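Record features, source Swiss-Prot:
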DOMAIN    33-181  domain 'Phosducin'
MOD_RES   Met1  N-acetylmethionine
MOD_RES   Ser44  phosphoserine
MOD_RES   Ser235  phosphoserine
MOD_RES   Ser237  phosphoserine
REGION    92-240  region 'Thioredoxin fold'
Amino acid sequence: MQDPNADTEWNDILRKKGILPSKEDLKDLEKEAEEEEQRILQQSIVKTYEDMTLEELEDNEDEFNEEDERAIEMYRQQRLAEWKATQLKNKFGEVLEISGKDYVQEVTKAGEGLWVILHLYKQGIPLCALINQHLSALARKFPDVKFIKAISTTCIPSYPDRNLPTVFVYLEGDIKAQFIGPLVFGGMNLTLDELEWKLSESGAIKTSLEENPKKPVEDVLLSAVRCSVPAKRDSDSEDD
């Protein structure tokens with residue numbers, strides 16, 4: 001097959017007839033074809049990046065040119081942000097059961113900037129069961145906080161049952177708040193929102209509740225008194 005780029009008399013005739021493109025047009029076509037090839041190649045490289053893990057990107061870093069590295073760095077930051085978000089979301093999310101031998105590792109050495117909420121409980125105490133139920137819901141809602149529970153006497157031998165339930169709030173191994181005994185929690189009327197608010201006051205969780213869902217005792221008593229006293233009739237007022 002004859003080369004259409006060759007400077008032959010026959011090719012010149014074909015160019016004049018418009019059958020072959022001019023040399024200038026041919027160069028433009030070749031340039032466009034080369035640019036298209038580079039574009040397709042670049043898309044293929046980017047797609048390869050998307051299939052790589054962060055570790056694979058690190059391993060193949062020496063094979064990338066300067067333009068590749070800029071594209072990869074942007075993609076790397078995106079993947080890293082997604083990974084961090086996933087790690088945070090899935091960090092805890094449930095209440096972990098521990099015993100006394102796990103205390104130092106799970107509480108004292110829990111980690112920098114990490115809040116830990118520990119519930120000391122015993123089986124057969126209804127309020128302890130209720131708080132465990134509420135803590136499970138809060139653990140799912142606040143997965144960046146470490147919620148743990150332990151049978152009281154496995155952590156503190158001879159710990160009196162009258163002090164149960166007990167909740168300790170820690171930050172970096174230091175106690176920031178403690179709630180001891182049923183009266184602190186308001187008994188079996190304790191709601192999930194009330195417990196969330198109580199824990200948020202210690203700083204352990206960032207609640208979206210705008211106000212304390214539990215009415216002050218004074219307000220409750222005052223409302224009860226008002227409801228129990230009948231309103232005076234107009235005739236009674238006139239007699240006075």
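Counting starts with 1 at the first residue shown.
A Cβ is built for glycine as well, from the same backbone N, Cα and C atoms used for every other residue.
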Would you mind giving the whole-number mean pLDDT across the region 'Thioredoxin fold' (92-240)? 88
Across the region 'Thioredoxin fold' (92-240), what are the DSSP residue counts per state (helix, strand, coil)? 66 helix, 29 strand, 54 coil
